[in-house]
Amino acid sequence: KCNFSIYFLLEVERKIRANDREYNLSFKYATNSIKTSKYNPFTFLPLNLFEQFQRIANAYFLFLLILQVIPAISSLSWFTTVVPLVLVLSVTAAKDAIDDIVSTHIHSLFIFLSFFPLLRGDDLGDIIKLENNQFVTADLLLLSSSEPLNLVYIETAELDGETNLKVKQALTVTGDMGENLEALAEFNGEVCCEPPNNRLDRFTGTLTFNSQKYSLDNERVLLRGCTLRNTDWCFGLVLFAGNKFRQMCGVCSGIFGLLALMCIILAVGNGIWENHAGSKFKAFLPREENTVFSAFLTFWSYIIILNTVVPISLYVSMEVIRLGNSYYINWDRTMYHAGSDTPAEARTTTLNEELGQIKYIFSDKTGTLTQNIMTFNKCSINGKSYGDVIDHYSGQSLEITEEMTPVDFSFNRLADPKFLFYDHSLVEGVKLELPDVHAFFRLLALCHTVMAEEKREGDLVYQAQSPDEGALVTAARNFGFVFRSRSPETVTIEEMGIQRTYELLAILDFNNVRKRMSVIVRNPEGKLSLYCKGADTIIYERLHPSCSEVMKVTTEHLNEFAGEGLRTLVLAYKDLDEEYFSEWKQRHHESSVALEDREEKLEKLYEEIEKDMMLIGATAVEDKLQDGVTQTLEQLAKAEIKIWVLTGDKQETAENIGYSCNLLREEMNEVFVVAANSPEEVRQELRDARLKMCPDTEQDKFLIPEIILGNTPKVVQDENVNGEYGLVINGHSLAFALESNMELEFLRTACICKTVICCRVTPLQKAQVVELVKKYKKAVTLAIGDGANDVSMIKAAHIGVGISGQEGMQAVLSSDFSFAQFRFLQRLLLVHGRWSYLRMCKFLRYFFYKNFTFTFVHFWYAFFCGFSAQTVYDEGYITLYNLVYTALPVLGMSLFDQDVNAGWSLEYPQLYVPGQLSQYFSKRAFMMCALHSWYSSLVLFFVPYAAIYDTARDNGKDGTDYQSFALITETCLTVTVCVQLGLDLSYWTVVNHLFVWGSLGMFFILTFTMYTDGLYRLRPSSFAFIGTARNCLNQPNVWLTVALTAILCVLPVVVYRFLSSQISPTINEKVCQMKEPAPRPRRTRLTRRSTRRSGYAFSHAHGYGDLMTSGRYLRRNALTCSTGLIPTGRSPGFKPTGRSAGYSPVGREQNPKQKVEPTSLQVFRAVKDSFF
């Protein structure tokens, strides 16, 4: 239900009175009021500046500006700090304003579309009207609807990921109001119910109306987030409302310690110098008699001069780089999905580089890995397998291709033209009226809970709670056994053109324990039969001993089907004695109305009648994976990324998908299954699995103390293991495993495994698993999903990815990145993520290098100027160094650099591993950068110093002066940092050339301009270096000094890189040395033999059979059935080849080359087991 605050946790019960706002507001319950904007025109400037100065760097430079207005401290003009600070604040403010405007527009549009159905408002107790296909904006008590018996049909994809339709029904006392607005306005019923909570599967409350009290349960409530379907209108009473938010925070680290250390050293040096040599300079400088106070002032003076060690432009440059890399994702055409017209979208600009460091991926299954499309592929009937394509000459199975001729169903006017099957022998068996084949499809047409609607004659619309059932009923329809309609007492089908009505006597409903469902029917001739379908292990236990031979053959077929990752189902039947059934039905009725132990009594009756059944055969349905899922998972695994699948599906279904996409493989050493029912058993199974993988592991040596962003100082270290293992754990066991006294045992065992699949998990458990890994592993996590049930997981991970699929937009709106297909994830990580991380690391290394080098030169100069806080550069150069001379080249590198192109990044996923290990920017890399800067600053100071010491110009005048030395040092520094950037660049573009050479040209143009006579006359104090450029830069020895300095600065880097590439080359260097990437191995279709059989995934909710037989589900009377078959003999063009029937519950075309019209079967919805 709606999110709740601490206030709600203290709430014991909630009371709501219809149409009485004053009464409801007295309780101060939350409403749906949402503020989508952070600023308005009046508050933008003060609020934005307040937020910006909360950044330590901005506050630091504001503090510097205050220091610079103190004459006794500052030796620099105020504009050297004001200009960069104002520029940074302006750029950041503009970005924040744009983000707020765009965010407000998007959220306002979404909220408008969501809240449009409100009739009165969104306060508790209001009565609102919803219309078909509209979004439920708050938890509602259903009052009335347009459908018979006050039913409504809702889709809960936004809540639990299930796209099937569910049925809700209003109380009769409220349903009688219908759409009478006067009656609704006068309705004054009072609801007393439980407070808001996160349980989606239950609701407890009462309605008091006209002095009568009525019980309320989950069947009377429409939850916020679901969508009204196939219902013209309904009215509801608002029970719960509220908003939700996501808070993200970042932590930045500084290097102020280095700055303080240097300033302290120089301040101490000033004190010593004042004591020993200060008296000699009284004629030139006023001397402070108190040397301690002089050192104190010098400390703050050097705080100002050396401020570039913490560059203010670093932050705005990082924002520009992140923004640019985000646009690359948005503009990537290869991540555009034409089918849904959906491009990839970077919804945040702050996490691009983290995409290059992912170690754990947590993925949903349905709609994320799969397409929500079921296809009827194969079947086994009385020991004979159908569906394979058989070569006429070799007798071997062939792979199905689009060029093969499918079965011609034109003899059946009611057939679905999108249904594809290639085994002509099966349709021939139907036409030849083989008894077993007819019994097979008759069972599929009768044993289900599908609802049929015929809007016009021959136009059938099926509503299936289970996508598997939809595929199977559609298969029976095409093979001549067409389900036409049902009533509470009958099921009408057409068998080879002949309409037959079966009396429906009982539905033995499905639940997670039974794993089967049965129907008991009487055919028109009066014969009683039980038809049953379910998981093979369950059905086999209830077969008649005479079926042993057929069961062996069918088991072989099931193994083959499971080896291909298909979802299997076994079919059986039993003829019943009339006298026995009458007696059994009486006992069934007595048990169904019992007040105590009703479920247990019914289960015993079901077990009694569902025995000694006769085996008919088995079906094999494929839950189609999305395109490219298997290849994507293989690539991510090669990149040392661990995949955890967190799904609400049952264990068998989750395992099937795991094997289908090669997350689980028969070649693995072992796949551990944890399905215990007590904490002790779960702990033991986890420990046994871990000890089997790592027999020599020690209990207490797996934790290493380390603080990560303020989290617990314990990190679970990685444990090496020989071989590959998988882990499957169900939701019940996971609940125990996530307890505080067992979470480390679970984490250790799971992290050793190559693949982890958690099934039957709740949205809360998904988030808890992600939080557990974040808490104890030094790794970056990513969560990807497509439904509202994945939102908590997406928010819990470091990076959230939403797939805009069949389950709404909640996942996308809560994500950091979004796209339409799972396969785009490999490009997002291996290309964009790796490039972003590499570019950001290069940017940081180079940025610190150029600024440290710039600053350290000041440090060395202090020892030659009496620690007087005199600058070695002129003020104009200090102001423009980071803003003009070195800004664009590093931005060009950070936006366009590539060590390898996109194709090689995908070809060699191992290139991704250094990012996981933080090899490109770590403490070691930072220290190497600082050491290189220290060395370069020494060269940049002492080489020019020695070069001009006691020298003369060509005209004989003295060449040793402060201004000439400053200009030569500036020139050497500018050229050196550009040469260093050229060495760091791996991919030169026109833009890089323009930025590098343009920046060098700009340096010389501005230098000659600022050192001219005209500017000196305008402002002598700011442009004191008059004529220095033209007098100094025309000397050959100056240019020799510049070249020598640049060579000496980069020489250690060149030598180090050469030696390392020869002795221990990195994966990047190895790939770059290749002339062309190795061709990918050609994929062949593998047939995997397995002893593991996939279990059929029933998806309809327990108790749905009762709804079938009660008549409450009926919406409209079915049209008169008509014959849809044309009697014919053997189908022309008969070929003994096989496979497959496509069934799309979401309306996607299965074979674009088949020029057929879409059918009403597109309304089928694909779903998982109803977990809640």
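Quick reminder: no glycine exception, Cβ is built from N, Cα and C everywhere.
Residues annotated as active site, 4-aspartylphosphate intermediate in TrEMBL: D364. A simple way to gauge crowding: the CB of D364 (active site, 4-aspartylphosphate intermediate) has 30 other CB atoms within 10 angstroms, across all the protein chains here.
The ATP binding site feature in TrEMBL is assigned to D364, K365, T366, E469, F510, K533, R567, T647, G648, D649, R760, K766, N789, D790.
What TrEMBL lists as Mg(2+) binding site is D364, T366, D786, D790.
For 16-82, the entry in TrEMBL reads domain 'P-type ATPase N-terminal'. Confidence for the domain 'P-type ATPase N-terminal' (16-82), expressed as mean pLDDT, is 65.
Annotated domain 'P-type ATPase C-terminal' per TrEMBL: 812-1066, in sequence order.
If you look up TrEMBL, you'll see 1129-1159 marked as region 'Disordered'.
Among the features that TrEMBL reports, transmembrane segment is placed at 60-89 (among others).
According to TrEMBL, the feature transmembrane segment maps to 101-119 (among others).
Per TrEMBL, the feature transmembrane segment maps to 249-273 (among others).
Sequence annotations record features per position, and here TrEMBL assigns transmembrane segment to 293-316 (among others).
Taken from TrEMBL, the feature transmembrane segment covers 843-864 (among others).
Same-chain neighbours of the transmembrane segment (876-896): 76, 79-80, 83-84, 87, 308, 311-313, 317, 320-321, 324-325, 839-840, 842-843, 846-847, 850-851, 854, 966, 970, 974, 977-978, 981, 984-985, 987, 989, 991-992, 994-996, 998-999, 1002-1003, 1006-1007, 1010, 1022-1023, counting only residues six or more beyond its ends whose CB sits under 8 Å from a CB of the stretch. Residues or ranges marked as transmembrane segment by TrEMBL: 876-896 (among others).
According to TrEMBL, the feature transmembrane segment maps to 925-948 (among others). Tertiary proximity for the transmembrane segment (925-948) is limited to same-chain residues at least six positions away from its ends with a CB under 8 Å from its CB atoms, namely 258, 841, 845, 848-849, 852-853, 855-857, 859-861, 864, 872, 919, 959-960, 964-965, 968-969, 972-973, 976, 1037-1038, 1040-1041, 1044-1045, 1048-1049, 1052-1053.
According to TrEMBL, the transmembrane segment annotation covers 994-1016 (among others).
Here TrEMBL flags 1037-1059 (among others) as transmembrane segment.
Counting every protein chain shown, the number of other Cβ atoms lying within 10 Å of the Cβ of R760 (ATP binding site) is 24. Checking each of the recorded positions D364, F510, R567, G648, R760 against D786 (Mg(2+) binding site) by C-alpha distance, the shortest gap belongs to D364. Here the CA atom of D364 (active site, 4-aspartylphosphate intermediate) lies 9 Å from the CA atom of N789 (ATP binding site). Its own atom aside, the Cβ of N789 (ATP binding site) has 33 Cβ atoms within 10 angstroms in the protein chains shown. Distance between Cα atoms for G648 (ATP binding site) and D364 (active site, 4-aspartylphosphate intermediate): 8 Å, as a whole number.
Comparing the Cα of D790 (Mg(2+) binding site) with the Cα of every entry in D364, F510, R567, R760, these being the recorded positions, the smallest distance points to D364. You'll find the Cα of R760 (ATP binding site) roughly 11 Å from the Cα of D364 (active site, 4-aspartylphosphate intermediate). On the backbone, the CA of D364 (active site, 4-aspartylphosphate intermediate) and the CA of R567 (ATP binding site) stand 19 Å apart.
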